[in-house]
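Everything on this sheet refers to the single structure shown next.
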Amino acid sequence: MINTSIPLVDLHRHLDGNVRVNTIWELGHQHGIALPADSLETLAPFVQIQGKETSLVAFLKKLDWMVAVLADLDAVKRIAYENVADAALSGLDYAELRFSPYYMAMNHKLPIEGVVEAVIDGVKAGLKDYQVNINLIGIMSRSFGQPACTQELEGLLAHKQHLVAMDLAGDELGFPGELFNEHFKRVRDAGLAITAHAGEAAGSQSMWQAIQELGATRIGHGVNAIHDPKLMEYLAKHRIGIESCPTSNLHTSTVSSYAEHPFRTFMDAGVLIGLNTDDPGVSAIDIKHEYRIAKFELGLSDAELAQVQRNGVEMAFLSESERKALYAAKA
C-alpha cells in the first residue's frame, strides 16, 4: 500500500494539533491547570475524536486543550520535540510542521517570538535524536484579526531562516484572505513560500484569491474547487498543490462521508494532490491511516497511491537537491 521506494511525506500537519494525551495530562498537573477529566484514560475523549464529530466547533474544542497546557516556553519546546519524535515513529521520511505562535501563546500570555524560538529549539533537539527530515511553516491565524496576525508575522519573520513557508489558517468566512494581502506581500518579500487554508469553509473564490493575491502555490484542503471547472483546470495546469486531509475533513464535517470526499475527482482531473494528517493528535491518526483510507474508502489503487506519494515529494517546499536526497535515501 505504501511504496517503500518512494519518500513518505506529510505536508499539512499542525504542530499545535499534535500534542500527546499523556503530555496534556502531565503539563496540566505540572502547572495546576484544571483538566476536564480526573484520569489519563478519561481525558482522551475530551482531546481526541471518538468516532465522527458533528462540527468544526466540536473539533476545535479538542484542539484548544492542546494549547491550553502550554504554560511556559519549556512546554512549547517539549511538544515541538515530541512532534519530531512522532513524525519519525510514524514512518515519515519528511514532514512540514506548521504552527501558529499567537494561538500557542494566547492562553498564558507567552511572548510570541519566544514561542517561535521554543518551537525551533524543540525541533532541533528532536532532530538530534530521531532520523527524519523536518521543515517549519509559520501560520497566521486570521480568526484573531489583522493586528494579531501582524504580531504573529513579525515574530515569525524574526526567525525566517528557520521557516520554509507561511500559511493563513482559521475562519475563512469571517476573515477572507483579502484582509491579509499586505501581510503576504511581506512574506513574499522575505522570500518564503506560501500555502493557505482555502476552499474548506468558503467557496472556490477563496482559493482564487489565495493563489492570485496572496501568492499561494499550495492550498490546504481546497475541497470546494471541484465546483469550479476553470479553477480545476488552472490547478492542474499550474501544478498548484492540494494538501488533502480526508480524515480531518470527515471529522470536521467538511464532508459528510468518505464516499463524498473529492480526492478522486482531483486525481482524475490531473491536479497535484497529496495525503496529509492535519491535526493527527486530535484525529488520533497517523499518515499510514490516511493511506489505508485512500485505498479502502476512496478506492485508490496501489499505483495511484504511489503517485500520491510522488505528488507529496513534488509539492514539498524543498530545493531540487533536497528532493533528490530524499529519493536517494530510499534507494
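Each Cβ is built from the backbone N, Cα and C atoms, and glycine gets one as well.
Listed in Swiss-Prot for this protein:
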BINDING   HIS12, HIS14, HIS197, ASP278  Zn(2+) binding site
BINDING   HIS14, ASP16, GLY170, ASP279  substrate binding site
ACT_SITE  GLU200  active site, proton donor
SITE      HIS221  site 'Important for catalytic activity'
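Neighbours of HIS12 (Zn(2+) binding site) among the recorded positions GLY170, GLU200, ASP279, defined as a Cα within 10 Å of its Cα, are ASP279.
Packing around ASP278 (Zn(2+) binding site) is summarised by its Cβ count: 27 other Cβ atoms lie within 10 angstroms of its Cβ, all protein chains included. Taking the Cβ of the residue listed as 'active site, proton donor' as reference, residues of its chain lying under 8 Å away and at least six apart in sequence are, in sequence order, GLU172, GLY220, HIS221, GLY222, VAL223, ASN224, ASN249, THR254. A Cβ within 8 Å of the Cβ centre of HIS14, ASP16, GLY170, ASP279, the residues given for substrate, is found for these other residues of the same chain: LEU15, GLY17, LEU63, ARG98, PHE99, SER100, TYR103, ILE139, ALA169, ASP278.
Within 10 Å of GLY170 (substrate binding site), counting CA to CA, the binding-site residues HIS14, HIS197, ASP278 contribute HIS197.
Contacts of ASP279 (substrate binding site) defined by a Cβ separation under 8 A and a same-chain sequence distance of 6+ are given as HIS14, GLY17, ASN18, PHE59, LEU63, SER248, in order along the sequence. The separation of ASP16 (substrate binding site) from HIS197 (Zn(2+) binding site), Cα to Cα, is 16 Å. Neighbour density at the Cβ, taken as the number of other Cβ atoms within 10 Å, is lowest among the binding-site residues HIS14, HIS197 for HIS197. The candidate set comprises the recorded positions HIS12, HIS221. Of these, HIS12 has the most other Cβ atoms within 10 Å. Rounded to the nearest whole angstrom, the C-alpha distance between ASP278 (Zn(2+) binding site) and ASP16 (substrate binding site) is 10. Look at the Cβ of each of the binding-site residues ASP16, GLY170 and count the other Cβ atoms within 10 Å; the largest number goes with ASP16. DSSP classifies ASP16 (substrate binding site) as helix under the three-state reduction.
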